[in-house]
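TrEMBL annotations:
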- H25, D27, H85, D194: divalent metal cation binding site (BINDING)
- D27: active site, proton acceptor (ACT_SITE)
- H85, G165, F166, G167, G168, G196, G216, S217: substrate binding site (BINDING)
- D194: active site, proton donor (ACT_SITE)
Amino acid sequence: MLSSDFANLASEADRMVGFGADWLHMDIMVGLAFCVPKTGKDHSDLWCTGAQKQNCDGHFVPNLTIGAPVIESLRKHTKAYLDCHLMVTNPLDYVEPLAKAGASGFTFHIEVAKEYWQELVDRIKTRGMQPGVALKPGTPVEEVYPLVEGENPVELVLVMTVEPGFGGQKFMPEMMDKVRLLRKKYPSLDIEVDGGLGPSTIDMAASAGANCIVAGSSVFGAAEPAQVISILRKSVEVAQQNS
């Protein structure tokens, strides 16, 4: 969790779950996530807020952060859904370690997996994790269509609303065009947005069709984190009711 106290990761995770989190969407870069499910997966009854674990190998993005050993340690202290976002150059190398560590979701970047995404998705599912695909701001949304429509599809699309690699960046509202296109094309798809989300930007994301919200600084830096989580959740609920 980028915005959490790394020296007390287990207690920080427990604190977030206490505020209503079911997903520890550990953005390592840590962030806090919350999701209003669109599909009937086995975790679809969970409200999710937490820390998105983004595993960085120092190549795809300049930072090097938490990997499988920390996920394994955290798993001993929580039953929450661990949503892992990998910003690495070779995600295939991480499937087995993260599965053994207890990861729940495995989201890779289309920019590095265009040639072998089918093999990657198959391995992820075989190891019991939910596959997702992420795209950077400069990547056309059309590049993920084959992954959603394939015979063995991903189950989540993560639209980055900042450049990956650092927390605390400004939300990019122009990325909502990607979210709107995805929601129109795939009504039941889990669509996640990551970067610059908080009370001032949540309505844009929710109205565009995002149902999984990653928020770090806006939650961990708030005087009342639970209140912020409630605001994010309510915005998505209202948007879904009006859609």
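From the backbone N, Cα and C atoms, a Cβ is placed for every residue, glycine too.
G196 (substrate binding site) and H25 (divalent metal cation binding site) have their C-alpha atoms 15 Å apart, to the nearest angstrom. You'll find the Cα of G216 (substrate binding site) roughly 10 Å from the Cα of H25 (divalent metal cation binding site). Each of the binding-site residues H25, H85 was scored by the other Cβ atoms within 10 Å of its Cβ; the lowest score goes to H85. When the Cα atoms are compared, D194 (divalent metal cation binding site) and S217 (substrate binding site) turn out to be 12 Å apart. Taking the Cα atom of each, S217 (substrate binding site) and H25 (divalent metal cation binding site) are about 14 angstrom apart. For the binding-site residues G196, G216, the greatest number of Cβ atoms within 10 Å around a candidate Cβ is found at G216. Note on the binding-site residues D194, S217: the fewest other CB atoms within 10 A surround the CB of S217.
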